[in-house]
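Asks: Provided herewith is a single structure, encoded as structure tokens, for subsequent inquiry.
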Amino acid sequence: MAIERTLSIIKPDAVAKNVIGQIYTRFENAGLKVVAARMAQLSRAEAEGFYAVHRERPFFKDLVDFMVSGPVMIQVLEGESAIAKNRELMGATDPKKADKGTIRADFADSIDANAVHGSDAVETANVEVAYFFPALNVYSR
Ligand code: RTP
Ligand code: MG
């Protein structure tokens, strides 16, 4: 077990539903600390760069269209096994398959509009945190 950081995004659908606070409460109740945060309207270039690993996938254009469709809330979460813990809180990519009580089961409508993003491994977490936050703006505590 190690203290990790992970990149979390509350996607446009969940921001539009006004559930930022409810999602933050789940992070806090699971022992994850918000150590950096900002709201942003992503440009196409930013969204394409962020999801570059999916560039060749059939859903790439829909994914980018969705991610630029409204403001997102971007945060770095820190805590014991933060990457896996956040993925557990999120639930499966497809909300129909997500376990009861997970963020996606409770707030997501479809596999495209699925409420949240979370890094999936230490390497991707490091890249994704650096993509949105200069080190100076992350406040470990
Ligand atoms: P995320 O990266 O957003 O945290 O989601 P994830 O790890 O659970 O899923 P991933 O495989 O990384 O896919 C990234 C996002 O692309 C959309 N997607 N659509 N239509 C489809 O088959 C499909 N598959 C993936 C989802 O919005 C997913 O969150
Ligand atoms: Mg992913």
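Placed from the backbone N, Cα and C atoms, the Cβ positions cover glycine too.
What TrEMBL records for this protein is below:
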type	residues	note
ACT_SITE	His117	active site, pros-phosphohistidine intermediate
BINDING	Lys11, Phe59, Arg87, Thr93, Arg104, Asn114	ATP binding site
DOMAIN	3-140	domain 'Nucleoside diphosphate kinase-like'
Asks: Which recorded positions from the list Arg87, Thr93, His117 come close to ligand 1, meaning a Cβ under 6 Å from one of its atoms?
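Replies: Result: Thr93, His117.
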Asks: Within the set Lys11, Thr93, Arg104, Asn114, which binding-site residues show a CB-to-ligand 2 distance under 6 A?
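Replies: The qualifying binding-site residues: none of them.
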Asks: Residue counts in helix (H, G, I), strand (E, B) and coil for the domain 'Nucleoside diphosphate kinase-like' (3-140), per DSSP?
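Replies: Split into helix, strand and coil, the domain 'Nucleoside diphosphate kinase-like' (3-140) gives 64 helix, 28 strand, 46 coil.
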Asks: In angstrom units, rounded to an integer, how far apart are the Cα atoms of Thr93 (ATP binding site) and His117 (active site, pros-phosphohistidine intermediate)?
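Replies: With distance taken Cα to Cα, His117 (active site, pros-phosphohistidine intermediate) is 9 Å from Thr93 (ATP binding site).
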Asks: Using a 10 Å cut-off, grab the number of neighbouring Cβ atoms around the Cβ of Arg87 (ATP binding site), all chains included.
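Replies: There are 18 such Cβ atoms around Arg87 (ATP binding site).
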Asks: How far is it from Arg87 (ATP binding site) to His117 (active site, pros-phosphohistidine intermediate), counting Cα to Cα, in Å?
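Replies: Approximately 9 Å lies between the Cα of Arg87 (ATP binding site) and that of His117 (active site, pros-phosphohistidine intermediate).
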Asks: For Lys11 (ATP binding site), which residues of its chain lie six or more apart in sequence with Cβ-Cβ distance below 8 Å?
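Replies: Correct list: Phe66, Met67, Val72, Ala113, Asn114, Ala115, Val116, His117.
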